[in-house]
Amino acid sequence: MGKQVVQQHRHGLHVFGGICLLIAGFWLPGCSDTPPATETQHRQPQSTPASLATSPAAIRFRDVTLSAGLDFNHEAGAKAGHKWYPETIGAGGGFFDYNGDGHMDMLLVNGRQWPGERQSPEPTMRLYHNRGDGTFDDVTEASGLQVPLYGMGMTAADYDNDGDPDLVVTGYEHTRLFRNDQGRFTDISEAAGLVQGDWSTAAAFVDVDRDGWLDLLVGQYVAWTPDMEANLDCTYGIPQKDYCAVTFFRGQGLRLYRNQGDGTLRDVSETSGITAPEARVLGMTIIDDNRDGWPDILVATDLTPSLFFLNQGDGTFREIGVQSGLVLDEGGIAFAGMGIDAAYVKNDDQLCVAIGNFAGQPTTLHCHAQVGETYRSDVFTEQSHRSGLTRPTLRMVTFGLFFVDADLDGWQDLFMVNGHVVNEERLRNVPYAQRPQLFRNTGNGSFTEIEPTPENGLDLRLIGRGAAYADYDRDGDLDLLLTANQGQAYLLRNDTERTGAFVRVLAQGTQSNRDGIGARLQLYYGTSEHQQTALVRTGGSYLSHSELAVTFGLPPGEPVERLEIYWPSGLVDVFHTVPLNATFVAEEGTSAAEPTVGAPTTPATPEAVNPSAIKQEALAHVQAGRAADAINAFEKVLQQVPDDYIAQQYLIELYWRRGSRELARQRLKTMSETLPDANFLLQFAFHLEDATLPELADEVYLQAAQLDPQAPEAPYRLGKRALESKRYDDALRYFEQALERRADLTDARYGLGLVYGAQGKTEQAEAAFKRLIQDAPEMAEAHTHLGALYTRTGRPQAAIDAYQQAVRLNPAYAEAHNDLGTLYAEQGDMGRAIASFQAAVKADAKSVEAHYNLAMAYGAQGDTARLIRALHETLGLDPQHREAHLNLGIGYLQQGEPFAAMAQFQALINLAPDMADAHYFLAVTAAQMGQIETMQASLQRALKQDPNHVRAHSALASLYFQQRQYDLAWQHGSRAAELGAPVQELLQALEPLRQKDG
């Protein structure tokens, strides 16, 4: 939401000091011994909503890292102090049974030191062998994995179908494939055909073509070298270098390798349509979105829209992330995606995808849109607010993330591990080391955060990165592995008391790939045939790998009715006898029932009647600006597929732009009937706002509000739109509606305060912001607006207290520092004003207002040299800043540098020829230089722009007096006196001279 200040403290134009000079005998009025107040400028602050309160639960983990024998610490090369970007990424880890003894072993990926600073022995990844008694042995060297790499991610699966899980390790400048031969690993990366030299991150094995051989998908991050970073300025207003932002570096996209079945992998990225060259990939997970048996791919990317590749069944993929609504949050924004996972959170057919994001960006939950009693697999709607995830995750930087049934109650809970990427004092309001979070699934689509007790293993702080799960101790529940950037790894044993049973399934393919990756498992249980669904897959989380076995939790007393397995080969097994509280090895084709075989191909649709082809033609017309042709083509699509929402959306927008608004409204009504989902309409409205169709967006918001009378998002967005267009009565009504629907919606409460402030209703505005502080005490913007209200109503000390609280809550809040400095300046406390403005500049080195106000404070203290430097910095940020040019010229005059002053005033006149003060001070400069004609002409131009310019009248009166043009001198002097100038002495001198001339 774009924010506004309640009242901007604007003053008339002030210069930093008077020009109290007698130049060539001319009086220049306006001198004063009192420094004038500085002009203060404000910008609109951004809000930081509060966190939700959480309730404790009986889910318990115990930290067994040391007792299990893990002594791993991650190395990133950061000790050298370069602050190079790869040091922020961290590394993952995972579980896999490397030696086939039935116990989950553990791999922890490691980085290394930078060239020239390496020590012996070098750190390497570590493989820990599970002894079966709760402890692990380090077998890295014996297994052949003591290989120095700047590693990051991992995945493991039997890519050659020989019965041993093979290993892929990603990282800076490498993607390594280690073939497993009975527990001994060999690096076959080059022989297998993997491209080296790129920075790879996430990886997943997946049989994209269902030929029984696992293919390899590799996510790549950015193009980076130390030399590239050496030329970047990443100081952000502080003396020392910090880690650079990822936006400095170009994304490298993805690579898809097709398994040839002979141990080699062929790069088919281009031909498959899966490259996404600008994407900065950090996470990926595999789904079967429409349950057609063909694996689809979800990709989380850093500050670029996340990707959704739909498998076409012919070796190619179609990217539909934006079209499906998957990659946007409720505000229509693509976040910085890191971790990602998917699950059926309501144990029905609705698939949901969770994506971990940066601080200020909540973990988002996107679910299939509901239409009546069914779900549309081609449409995702954002559910973070209503699922309870938004507020608890806003302050977190979430990396590892996955769905897991932590208490085996039959519902997929959501776990995430968090940690910042920088550790600066100016960011202390968002901690560097952060606690992991576990959200319990309530069974109705919402989640409740589990608040860990001190003895719970989740009660820890780490710079979290990777996370994985497995039943390493074979007691049925799922244990956790957490990795930290430049820190230790943690093994958390699940000690939750179990009340029901569990079913653990290990799929073994015969016709499909041996690991059964891509198989869909559906477990039916209970007299009412409750359902749980899971996909055997790699990927998910962040740079990490969880076990391939699928664990289903069962409520007490619920018998298993059957287990259905849909294999990638097309075969379907139905097992009616499934053991409880044990691992069931489900071998493809061995169920008691007669196996059902389905062909692993997609029926072809004749091109002549293929609506997809017509839709592509319509999109081409849109790109070429052929609106009428696009409309005709989209209408043809709807004749064949009446509920195609993409065609509907395009038609609504196209009709509206062409002025056919009734046709647009009819299409909107039809779309709302075929897809009656309020969240879906909200996302469409967000797009319309971005597409500069605000009136149409409002109509869509109204439709969404009617579809879901309980949801607050639509009236909130309508209120925001009304506030931006200064329709304050409408804004007030909509914000009140939003708050009626959800009283703790802080953004709506914030908007209410802004509306009252804009209407001049000070008491109501104050009450709104005080209530907001009660609901969200850490929201610095609420304190800032209270400060503005206190200033407006003549309570300066209360205003100072409010601003001080705002900067305590958010030391990097430049606007609050700036406003606080303004108050100090108005009270004449220039020392504190300067300190506040300096803090504002440090917090936001690009703040024009802070630089300018700092300059004016220097000027008010008489420090002309520092004023000049600060004004140059202001003009470096904004070369068209009028007041900065004006005051810089005056500063040069004070320094006795008239030529430099004249250059500034001339530049200002070129920029703003209608600015009377620019002409006046050019006249002052000309007078210092003895250029009387220029002085006279400039004063006349000043009066042309502002006939009531008192100083120009006074100066002209003095000039004409010296030129013995007494009538003109009297005329301007009299006008100056009428305007309040102290020119009585001049008029007294003129009186006898006029009489004598008369």
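Any Cβ shown, glycine's included, is placed from N, Cα and C.
Checked against TrEMBL, the range among 12-30, 905-923 recorded as transmembrane segment is 12-30.
The DSSP breakdown of the repeat 'TPR' (848-881) into helical (H, G, I), extended (E, B) and coil residues amounts to 27 helix, 0 strand, 7 coil.
DSSP assignment over the repeat 'TPR' (746-779) gives 27 helix, 0 strand, 7 coil.
For the repeat 'TPR' (746-779), the predicted model reports an average pLDDT of 93. As a summary of secondary structure, the repeat 'TPR' (916-949) carries 27 helix, 0 strand, 7 coil according to DSSP.
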